[in-house]
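Enquirer: Structure provided below as structure tokens; questions to follow.
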Amino acid sequence: MQPDLHCRTLAAHTLKHFRALSPLTHCMTNDVVQTFTANTLLALGASPAMVIDPVEARPFAAIANALLINVGTLTASRADAMRAAVESAYDAKTPWTLDPVAVGALEFRRRFCLDLLSLRPAAIRGNASEILALSGMALGGRGVDTTEAALAALPAAQALARQIDCIVVVTGEIDYVTNGQRTLSIPGGDPLMTRIVGTGCALSAVVAASCALPGAALDNVASACCWMKLAGQVAAERSEGPGSFIPAFLDALYHLDMEAANATN
């Protein structure tokens with residue numbers, strides 16, 4: 001099954017709908033990336049909410065447009081709050097996205113993520129090692145870093161998407177987005193995106209928010225990946241290193257409506 005190249009014209013069209021909806025996105029993410037994730041969503045036009053307390057997480061997940069579960073700094077108490085939020089989202093039919101950070105390296109989070117899969121995520125976003133581990137095809141990875149190329153994990157992603165009936169995103173130099181039947185590829189980005197903390201986690205939040213949009217989920221999620229790749233390219237051209245890349249990246253996301261509309265395939 002050969003991946004199709006995602007159309008940037010469609011990504012520009014999807015971004016207009018995204019900004020109009022401004023999805024209220026409940027982010028239960030890791031401590032390292034909270035601010036960057038919130039700023040990424042705001043720059044694109046979404047409305048982030050970083051609600052983590054168990055007492056609040058359950059009711060808030062039911063009223064949000066989308067929910068992100070990121071296990072990067074997982075603890076036992078946080079796992080309880082996340083499970084409560086996912087159960088609430090499932091009951092309310094709120095789409096939720098799983099970011100299984102380092103799932104192949106640590107047993108507690110692996111068991112937790114596998115347990116959550118029964119509650120039907122709308123999307124899963126991870127690097128190649130994480131997707132291979134979550135699918136049961138391999139364990140390992142070097143913490144949050146991948147030891148595999150994205151293309152190597154594509155069969156696992158396609159099988160996982162069919163098994164769970166969701167969208168699976170494998171990120172790398174080229175991102176692959178699949179529903180198990182159809183696969184889209186999104187090239188672009190820049191190596192500087194791997195030299196700062198949080199671009200992958202922020203992408204997971206944007207993927208989660210995109211799942212709140214009407215229409216084809218595969219195209220919406222692929223568009224989210226395209227926005228981030230394009231912003232990374234633009235930011236790299238305007239920055240001198242990681243320190244200046246971050247504000248340039250947020251600016252590129254903020255102005256992306258014009259840049260995406262003018263981009264060619």
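Placed from the backbone N, Cα and C atoms, the Cβ positions cover glycine too.
Okay, these came from Swiss-Prot:
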- Met50, Gly198: substrate binding site (BINDING)
- Arg125, Thr171: ATP binding site (BINDING)
Enquirer: What does the structure give for the C-alpha distance between Thr171 (ATP binding site) and Met50 (substrate binding site)? Integer Å is fine.
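Expert: Given the Cα positions, Thr171 (ATP binding site) is 24 Å from Met50 (substrate binding site).
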Enquirer: Which residues in the same chain, at least 6 apart in sequence, have a Cβ under 8 Å from the Cβ of Met50 (substrate binding site)?
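Expert: Those within reach of Met50 (substrate binding site), by Cβ under 8 Å and sequence separation of 6 or more, are Cys27, Met28, Thr29, Gln34, Thr37, Ala38.
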Enquirer: Measure from the Cβ of Gly198 (substrate binding site) and count the other Cβ atoms within 10 Å, all protein chains considered.
Expert: 21
Enquirer: Just to confirm: which same-chain residues, 6+ apart in sequence, have a Cβ under 8 Å from the Cβ of Arg125 (ATP binding site)?
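Expert: Within the chain, Arg125 (ATP binding site) has Cβ neighbours under 8 Å at Thr97, Leu98, Asp99, Val168, Val169, Thr171, Gly200, Leu203, Ser204, Val207.
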Enquirer: When you measure from the Cβ of Thr171 (ATP binding site), how many other Cβ atoms are you left with inside 10 Å?
Expert: 28
Enquirer: Under DSSP, is Arg125 (ATP binding site) helix, strand or coil?
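Expert: Where Arg125 (ATP binding site) sits, the three-state DSSP reduction gives strand.
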